[in-house]
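Each remark here refers to the structure printed beneath this line.
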Amino acid sequence: MFLFNRRIPSYAILIPINRYWWQAIKTTIQPILFQLFVFGQFSGQHFEMAKEPARVLVTGAAGQIGYALVPMIARGIMLGPDQPVILHMLDIPPAAEALNGVKMELIDAAFPLLKGIVATTDPVEACSGVNIAVMVGGFPRKEGMERKDVMSKNVSIYKSQASALEQHAAPNCKVLVVANPANTNALILKEFAPSIPEKNITCLTRLDHNRALGQISERLQVPVSDVKNVIIWGNHSSSQYPDVYHASVVTGAGEKAVRQLVADDAWLDGEFITTVQQRGAAIIKARKLSSALSAASSACDHIRDWVLGTPKGTWVSMGVYSDGSYDVPPGIIYSYPVTCENGSWSIVQGLPINEFSRKKLDATANELVEEKALAYSCLI
């Protein structure tokens, strides 16, 4: 004879009983079975092993963007509400005290998903075993500095950090470069970390992508979540091309083209583009500091979609290693429309490119080719 309830989940245990010891077991085993039954009926879940923590590196962690970013990661905004994390935070020695302050605040916030913190000025310690690296630290351009001076400083930084990641990061580590010049910094990192697959090194243009979504949302007075498939082509600079020729808005009557709804090509081909291109400068003028909150949020969006996947029928913008798609020169980090699935991105192919867009794609590609040449001259 078996005590068996067909509605008990599959992990319930079958218990053989007979009339001699039924009385003994019903007061001990039955409550356990009842709890399993209730758990299965009302949670709709089975017992699962807890996930291993993901190790996430943030460089420049004591800076503005880092300070905004690390609590988002610890709260699950980047990798999901069920993914524990161990934060690795790196900054330069002069920022060591501030970095320790960030660590103290993370401890005080008592984030349930945060399973450990490494706060260090040692790149080797920071990079050891990391699964995801968000490279926020870089050398900003200062008044009176020539472009090559800034490039030289950042080439040196990213060459050094590439070496640390190459030797100490976990296999298949995913890298996102945020610090400007983001595309070329990512290219330098790729060159000096050859064992990291080229598809695992990206740069942030999701901030520009989100800015474009926001501008269309404001213009049409619709929720930003209803706007999809804008594209940022090229460089994370003022030469970037925010493209809405393929963008759409979800309406009560189905999806409609952005250009149809805006019905103002002059605005879309003029003010809209320049607003997105110059948004960073506008924020600096308004708050006397560069974008931090929006950059941190966009970095989370970039990694989350890369790891967990993009919704069906939706693409996002990522700076990735060019394979020549859309007649863009190979060998540069260029922002494309991509979809993500199973932890990998793919460039969206086959989109028609008109003459207006072609000129914009070529102009931003030419700037990246020039940046690459300048960066490589700093290595000599």
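Note that Cβ sites are derived from N, Cα and C of the backbone, with glycine treated the same way.
Unlike curated records, TrEMBL annotations are generated automatically.
The active site, proton acceptor annotation in TrEMBL covers His236. For His236 (active site, proton acceptor), applying a Cβ distance below 8 Å and a minimum sequence separation of six or more within one chain yields Asn180, Pro181, Ala182, Asn183, Cys203, Leu204, Thr205, Leu207, Asp208, Gly319, Ser335.
What TrEMBL records for Gly60, Ala61, Ala62, Gly63, Gln64, Ile65, Gly66, Asp91, Asn154, Val178, Ala179, Asn180 is NAD(+) binding site.
Here TrEMBL flags Arg141, Arg147, Asn180, Arg211 as substrate binding site. Listed in sequence order, the residues of the same chain lying 6 or more apart from Arg211 (substrate binding site) and placing their CB within less than 8 Å of its CB are Pro242, Val276, Arg279, Ser294.
For the domain 'Lactate/malate dehydrogenase N-terminal' (55-201), the DSSP counts in helix, strand and coil order read 69 helix, 27 strand, 51 coil. Taken from TrEMBL, the feature domain 'Lactate/malate dehydrogenase N-terminal' applies to 55-201.
Residues or ranges marked as domain 'Lactate/malate dehydrogenase C-terminal' in TrEMBL: 205-373.
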Binding residues Gly60, Ala61, Ala62, Gly63, Gln64, Ile65, Gly66, Asp91, Asn154, Val178, Ala179, Asn180 (NAD(+)) - maximum C-alpha distance in whole Å: 18
Rounded Cα-Cα span from Arg141 (substrate binding site) to Gln64 (NAD(+) binding site), Å: 16
Cβ neighbour count (within 10 Å, all chains shown) around Ala179 (NAD(+) binding site): 23
Cα distance (Å, whole number) from Arg141 (substrate binding site) to Gly60 (NAD(+) binding site): 16
Length of the line joining the Cα atoms of Asn154 (NAD(+) binding site) and Arg141 (substrate binding site), in Å: 10
Proximal but sequence-remote residues of the same chain as Ala62 (NAD(+) binding site) (Cβ under 8 Å, at least 6 apart): Met89, Asp91, Ala95, Ala98, Leu99, Gly101, Val102
